[in-house]
Each structure stands twice: as C-alpha cells, then as structure tokens.
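Feature annotations, reproduced from Swiss-Prot:
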- 128: active site (ACT_SITE)
- 75, 76, 77, 113, 114: substrate binding site (BINDING)
C-alpha cells in the first residue's frame, strides 16, 4: 500500500514538497448528483426558481470554487488552473441533476481536488437556491472519474 504523503515521520501534517516534480499537463474529471422533488426539478429545468437561473449560478460557483480550493483544503497546493469546464445533465425521470467538472493545469501537482471541490460547490449552490421549496434534496455520488498526467500517470474509475 502507498504511504500517505501529507504526514511526516512523526505523524505531523505537512504540505508535500512538489518543487522537484516536473511540470506536466494534468487533467481531472469529477462528478456528483443532487436529487430533488419533481416540482423542484421543474423549477430548475425551466429556469423559474425564485432565486434565478439555478444551473447558471451553480456553473459560476463551481468555477469560482475550483480557483479557491487551496483556501478550503488545508494541505492543498495553490494551482494555476488553465481550464475549468462545468457540465450539467438533467434527468427528469429521477428528478436528478448531475454535475461534471473538468479541471486542467500545466504544473507540478494534480487537479483532482479542484475538480471535486467544483462539483461539491455546484451541488451545494443548487441546494441553497432551492432549499426554500425542498429541504429534502440529497447530494451524493461525488467521485473522481479520471485523472491524467503526473508521475502516477493516468487513472480512470472502474465502471
């Protein structure tokens, strides 16, 4: 099993030194869902929620969150992102909105945390904008789908 990298030999947390790592093109893709009542889904789909364009605001929130990840996750390196793409898929049959965030950089460390943070904040934004009509929404299935680049190479989730 690989050793945890964020702890020194005394068990103290530290930020990993990436100074000697090569700068490479790095990509990460993460996803997650929020499930809601059908009436809430209709408001989101039709853009008629009281607070405005839920999907549009969630997209901007995701992009903003990716850029602030190092401020939220204590041992995460600040990264100069070169691209952030946010996509939403609406499934009327299950009243579910899926969010997928793709992050890219050319740097010394990966962008997985940025993609995951973007997804979470997008889904939290949807919850915030719709909670007045549906407090029972469920956020779930948040996961990394793939990462590319760096010393550890490529990884794609099974399934």
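Placed from the backbone N, Cα and C atoms, the Cβ positions cover glycine too.
DSSP gives residue 75 (substrate binding site) a coil state; it is part of no helix or strand.
Residues listed for substrate, 75, 76, 77, 113, 114, cover a largest CA to CA span of 13 Å. Counting only the Cα atoms, the space from residue 114 (substrate binding site) to residue 128 (active site) is about 21 angstrom. Those residues of the chain, other than 75, 76, 77, 113, 114, with a C-beta within 8 angstroms of the mean position of the substrate site C-beta atoms are 69, 70, 73, 78, 79, 109. For the binding-site residues 75, 76, 113, the largest tally of other C-beta atoms within 10 A is found at 113. The Cα of residue 128 (active site) lies closest to that of 113, out of the binding-site residues 75, 76, 77, 113. Shown are the recorded positions 77, 114, 128; the one with the most C-beta atoms within 10 angstroms of its own C-beta is 114.
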